């Protein structure tokens, strides 16, 4: 486990692809479609994945980000909705404080300036100033389909300015 504030060394996604051609061919390594905008101060991050599936409701997202991240990455399937934000500046700061490596959001964020000041990696479809519902509807630790890729809890995510990779196992270059 990582200590809060400690992060894995950045791994270049292009190098991961170049070094793992066989995994790309057999599907054990997949690239997400390039649909995400980059937010947060940490441009490159990686870690084991925790998944959550919600729709315009961020209660389960908050519950997960309030637990120790230990260098994990929260992958949020917000159904691709751009009608409200599921993560704002307070949750991003909380995620940083709880040692999450990053957040991938198939949906929107808000408080962009606050998130960009945080030392955490965030990818989202865009921003929207409207807050989400608070009904606690959704599922944690379930497979999610995001950006053309099926993602499972416990897989590994690698992100940098070139893109986002999902791997069945931890990789080295």
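Note that the numbers count up from 1, one per residue, in the order the chain is shown.
Using N, Cα and C of the backbone, Cβ positions are placed for all residues, glycine too.
Feature annotations, courtesy of TrEMBL:
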- 88, 89, 90, 91, 110: substrate binding site (BINDING)
- 111: Mg(2+) binding site (BINDING)
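Structural mapping of features recorded in TrEMBL.
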residue: 88; record: substrate binding site; Cβ neighbours (10 Å): 20
residue: 89; record: substrate binding site; Cβ neighbours (10 Å): 17
residue: 90; record: substrate binding site; Cβ neighbours (10 Å): 13
residue: 91; record: substrate binding site; Cβ neighbours (10 Å): 25
residue: 110; record: substrate binding site; Cβ neighbours (10 Å): 21
residue: 111; record: Mg(2+) binding site; Cβ neighbours (10 Å): 20
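Excluding 88, 89, 90, 91, 110 themselves, the residues of that chain whose CB lies within 8 A of the CB mean position for the substrate site are, in sequence, 85, 87, 92, 93, 109, 111, 114, 115.
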